[in-house]
């Protein structure tokens with residue numbers, strides 16, 4: 001197969017790539033149907049979470065700035081990946097243009113990185129709240145949280161521009177088959193037939209940025225939290241302090257477990273296993289995050305009840321007004 005070559009005959013850019021997906025697994029349509037329903041739940045759940053946070057002023061706290069940011073990244077992560085995945089495999093459109101492929105890689109990795117960094121930001125919030133309760137409102141302010149979130153976005157955007165920029169400098173003159181479920185960075189740069197050393201370096205640095213450094217920070221944070229909790233006098237207060245961390249710990253486990261297995265094994269992992277782990281990372285956390293925060297966070301449950309009660313009263317007032325209007329018109 002021949003591809004167009006640029007003027008200096010050094011970079012071969014194919015017009016399209018072929019995303020192979022799973023190999024040798026029957027009845028995969030059921031898995032894609034599950035992903036579709038997970039996507040619907042994710043969109044509805046994260047939209048609901050953001051509406052509640054935006055509507056209730058009692059949730060306009062530094063912590064919920066990070067939670068709101070997590071919902072945004074979950075929503076866009078699902079939207080950037082799952083519709084493309086369903087179109088690719090459920091409807092058999094496995095060819096993707098070169099430009100669309102680079103765009104797909106950029107946005108999927110961007111929102112993965114932001115999910116990881118936002119979970120790290122939330123661990124920082126819990127660290128400050130439990131280890132420095134008297135100074136919490138001085139350490140974690142609205143301004144500081146906005147700055148931290150902005151730095152995380154800037155860091156992620158610059159890193160991904162660099163990673164995708166180096167991919168655009170590669171020549172693909174041998175194969176156009178990407179052995180993954182999206183335009184995956186690792187399987188893609190290994191197809192190059194010219195010097196891919198910068199992308200190889202990035203493939204080692206990126207897991208550190210996405211996974212190992214954030215996980216290390218979270219681990220250190222919770223070590224400090226548990227040490228502090230053990231110093232609390234009563235068991236009731238210890239349980240109360242730990243309960244404020246349960247939602248975050250559940251989110252950390254759901255996100256980091258499959259992705260750490262994938263990046264930990266690197267190129268040794270089987271193609272099907274890599275696809276399953278990464279697709280679960282893209283679908284399960286965005287689906288469960290709003291459910292966990294709704295069920296496990298007391299202040300959020302209070303806010304939901306408050307909004308529902310307020311809307312119920314509004315509906316009752318409207319119904320009463322309609323009935324009174326009807327009665328008045330009948331009397332005339």
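Cβ coordinates are placed from backbone N, Cα and C, and glycine is handled just like the others.
TrEMBL labels come from automatic prediction, so no person has curated them.
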Report task. Identify the transmembrane segment range according to TrEMBL, selecting from 169-187, 188-206, 245-263. Result -> 245-263
Report summary line: Between the ranges 145-167, 283-305, 306-328, TrEMBL assigns transmembrane segment to 145-167
Query raised in the report: From 30-52, 53-75, which range did TrEMBL mark with transmembrane segment?
Result: 30-52
